[in-house]
Amino acid sequence: MPDEATLAEPEASCVSDKAVLAAKESGDLAAQESTRDASAVADAQPAEASNAAPSDGKATATGAKFDELEVPEGIETWPDEKPAISKEDEDRLLKEFFQEVKEVDRNNEVNRVLGAFKLNPFEQLGLPFDATQEEAKRQYRKLSLLIHPDKCNHPLATSAFEVLGHANSQLTDEDFMRELRHALNLSREEVRKERKKATKNDAVVRLASAINEGGRAGVEAEWERTPDFHLLWKNKSRDMLARAEWRRRKLTKRLKEEEERIEEGEADTRKKLKAMRDHNKEWEGTRENRVGTWRDFVTKKQGKKKGVNLMGGTKPPKLKVEDDDKTYIQRPVQEQWRPKQPKPSGPQGSNR
């Protein structure tokens, strides 16, 4: 059966509606507000009574039964309650969490070092280009401890550690640093020229120069401290260092080819000289054999002739004397006693 609160709800709502209609007819605003408040209170009281009504018998019995239950052995609390964590477990979990976070940082740093621009040690160490030697040393110690192969589980931690060591050795090399600083300064000047050309007719820059105490120089100095400037500087330096490295490698290749060509020429010359020395040595070694062969040939030839020729088997040339009549003819000595030919008498053809 419905309780008294449920039966009283329609009666209260009817009374409140009648009061509102009466207030509207009279035109009294204050009366309207008071009647609205009274109706709201009347509506709220039955709702509270209805909500509280079913929780008198069953709830009490359920609460009593729950209190009478005992917690089973081996279970500290019920599943709906949070288990109590000891201080040691909490410290251990916190330590494991920070170790995982640190391991992620180590792996990220290894990937960053391996992916950095290889011609600039400042980028490999994660330093600005205008960093000092002390800053470079501190950064190297920090990163070397972070990605040391004994502490980092990344498979390429050893390679990253070697890259850091090479970058640190380059930063301590005076000759290399002199060339690197020169290239970085040139790239910075190029960025400044491009900035000046781009902002030549910029009204914002002019206004900022007029407001700034340092004028245009102060505005540019502030701009050079921004990340945008360092990004442009980094890109320009990469381009310049890459071009310089390309020229250096090309020149090195040409010098190497020239050296190889010279070495090949020298090797050919040495080979020819060696062949000539071997030929001369062989010629000198066969001298006695050649002389003996010639002597044997001469001896055999002399044995076929009568007498002995002291000249080695060859005839001497005939002696020649001058001819008084024909000085251009030289005759042998034996022919000087030959009678002269008679001269023709008279002019030629007179006998005809």
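Cβ from N, Cα, C; glycine included.
Just so you know, TrEMBL annotations are computer predictions that nobody has curated.
What you see is a predicted model, and the numbers here were worked out from it, not measured in a lab.
As given in TrEMBL:
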COILED    241-268  coiled coil
COMPBIAS  319-328  compositional bias 'Basic and acidic residues'
DOMAIN    120-185  domain 'J'
REGION    25-85  region 'Disordered'
REGION    294-352  region 'Disordered'
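Assigned with DSSP, the residues of the domain 'J' (120-185) fall into helix, strand and coil as follows: 46 helix, 0 strand, 20 coil. If you take every residue in the coiled coil (241-268) and average the pLDDT, you get 92.
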